[in-house]
Amino acid sequence: MEQTYVMVKPDGVQRGLVGEVISRIEKRGLKILALRMNVIAEATAKEHYGEHAARPFFPSLIEFITSGPSVSMVVAGKDAIKVMRAINGATNPVDAAPGTIRGDFALDVGRNVVHASDSPEAAAREIAIHFKDSEIGKYSRVDEVCLYE
């Protein structure tokens, strides 16, 4: 079963959208294997978003991500990366379809509520940045037989 990393960013936490995000994840048949709310340290944020280090928006991105609590999750399920990115919607909320998290709640591209890994490699890297293996649970949903026949 594929795993991905998901973060409800500080704007999503501050706007009370954590429960909404979790509900949408679980309603799509995905399961949450790990969850933590914390203020991400600057060094961790820089490691997570390192591929953007040369971009002009990098300093403001790091400032935003470390500005308040966020919720980090390990989410698993069949095609979890693809499904989670579909749930999130396009990065720019102008392009995000209604019914997606960003289409329904994001205010602008810099305050777009949620992050999810975009590839298996990114998922493995991001999960390792935010969680130890011992913090990731293992369980079966009672509906997995129906979901993954």
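The backbone N, Cα and C atoms fix where each Cβ goes, glycine too.
Listed in Swiss-Prot for this protein:
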- His115: active site, pros-phosphohistidine intermediate (ACT_SITE)
- Lys9, Phe57, Arg85, Thr91, Arg102, Asn112: ATP binding site (BINDING)
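For the recorded site, Phe57 (ATP binding site), the DSSP three-state label reads coil.
Taking every pair among Lys9, Phe57, Arg85, Thr91, Arg102, Asn112, the residues listed as contacting ATP, the largest Cα to Cα separation comes to 22 Å. It is Arg85, among the binding-site residues Arg85, Asn112, whose Cβ has the fewest other Cβ atoms within 10 Å in the structure shown. Across the fold, the C-alpha of Arg85 (ATP binding site) and the C-alpha of His115 (active site, pros-phosphohistidine intermediate) stand 9 Å from each other.
According to DSSP, His115 (active site, pros-phosphohistidine intermediate) is assigned to a strand segment. If you draw a 10 Å sphere around the CB of Arg102 (ATP binding site), it holds 22 other CB atoms from the protein chains shown. The 10 Å shell around the Cβ of the residue listed as 'active site, pros-phosphohistidine intermediate' contains 21 further Cβ atoms across the protein chains shown.
Cα spacing between Arg102 (ATP binding site) and His115 (active site, pros-phosphohistidine intermediate): 10 Å, rounded to the nearest whole number.
Counting every protein chain shown, 23 other Cβ atoms lie within 10 Å of the Cβ of Lys9 (ATP binding site).
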